[in-house]
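K.L.:
Dumping the structure here so I can ask a few things about it.
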């Protein structure tokens, strides 16, 4: 079952729920879902109840699912033919990328792989590039193998690449389970002229900066020459920590403190200022962790956001070289249901921080999944920094014992407030956290958890997906200005090489969120999980990573929606608008176009209003087709609207009026057109296919169906058999004197068919058929006669194979 990409029929829907337009009556879906929810609450808890409740979740989510298909679906081949994509792959065909860094300033894309770093041109990643080979030493590999690791693991996987300053990057790798870091010198200029060199005399230990295992999760960010990173710091992955390393003494979380970090999986991090005072800047970490279930049993998984002060110095007598500002709280992403039952998406897969002009208030987007092994669903939730700050400035949580519920701490909170930074904004009484009273440090160590969780915007996901055949893996977001406002365009990676391009529209009056799936792009030739998505807003390009390579793809190609005004407006793509001639890139007023020539309506897709008076030119390009069918046989009248989101209705023209074609056991509407089974003479006529999308109706194709008499066609098919007596073979369409069964005076039998259907351009069709059938037949016979000349002599084939390159054998 799918919410944002298709809707399959649930088993418990009755036939009566099927509506005339091919969808399902939403009020019936809602009522049946609510019935299941009530039944689930009444029944005793058990396995079948659990299954019902998981189905219940599908029901509640399905109520808001309106977008079934993408408007455009493009395969990898089509993207290549449209010159919309480029793919960079390593020489051996597998890139094995583990980190990517977008450098807009120097126009580079830095990729960290296995024993290698690449520097690619941002404008064209397939252009000549530079490489740095950085393998582990023989000693490191030997020690790694001695410790029982597999040989593929004993390599230097580049897991971290960050900007260090204007001339250097910091790169760290696993170093065959002995992490190492080095500085990469990057000069300015074009890619061929600029520097890209590892400074081998400054290689350092990477412990605390890079994990040991290539698949160990980590999250890092660089701020003012200091590295803030969340990772597992030891060989056995028992010590999880949030580190700060740089010119000052290192700071980290307490070793073994399960209150701070409990089996975390780090996803992302970002520096976000609270105000204009740099001393008050905070670093935010996003991760999941295990939480003990009070009722017993397995541990639950929750998503957390943690916060530390960038200028934290730790304490003087306690919390030495430890965070004195560490606080954390829960990120909620859930679907509310009746009877107080919510469905939670607790496992964070990816996080994206969308920067805006106001750098203090970016929007946070999280891609979540359910944690159930029985049913997998995905959601995207959006958060405001205002709500995140409110949670950290709210009440602290406490519990008396680990098997008790969390409560609001109602005791005295010391001054300065635990978790606050030493800055002028906070009174300026303390110049460093080392000056904080022990009472404050003691409190923050014992109360790191905030009671108030962070709820998403609108208190619900902005996107839901329960497509069982795929997993959502990565997320990137672009903020786009359109004629009727600003929109967030989501680019979501999947595990089968597909990138989904979507927008979500919130209806304040109805308190609903509409999902609009614009494009479905297959960015790699074979199905492979997408492991990273970076977006260049300056170039309007995506850079999508996988183990096979990195692909570069334009975020829009407006001309694909069609040249007509209606097609462009119905697309609802904020990147695109009709400019008076075609569908092209939208620009704000005054830049490249005049306002009166633009047609765009992203919120409603109202082509009737936007394109009023512009339909006459569109009527002139309606496709006309002539189709012949034979009595008692089947015929398909093809109709493929440009948009996959449009609904199709067929009509048969009766004089000046048109009557809708009703489906039955003989007339079936398919995604490819109208299928007529056992057609009769009465089925002949003019059929009109119309598409409807957002209230806009347009004719896609007009098909004239002619029905041929079955008896006459049968007579023509068996005419040759009658002339040849009992011969079961029909004479060939072309008379060849060399064939004894084809006299030179034999008539071209297909001409009888042309006369039967009364084709007006008979002479041209006859010439075409002779060219296709007769000339092609002669060529085939000629090639067949020449074939023996090219056969191998005895033993020659083996000698030829021996000379062939090894990689061609067996192909």
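Positions of Cβ are set from backbone N, Cα and C atoms, glycine also.
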K.L.:
Looking at 760-785, 786-811, I want to know which stretch TrEMBL calls region 'Disordered'.
P.N.:
786-811
K.L.:
Looking at the candidate ranges 697-718, 719-740, report the one that TrEMBL labels region 'Disordered'.
P.N.:
719-740
K.L.:
Per-residue pLDDT averaged over the domain 'Sema' (71-555) comes to what?
P.N.:
93
K.L.:
For the domain 'Ig-like' (631-704), what does DSSP give as the number of helix, strand and coil residues?
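P.N.:
Going through the domain 'Ig-like' (631-704) residue by residue, I get 3 helix, 42 strand, 29 coil.
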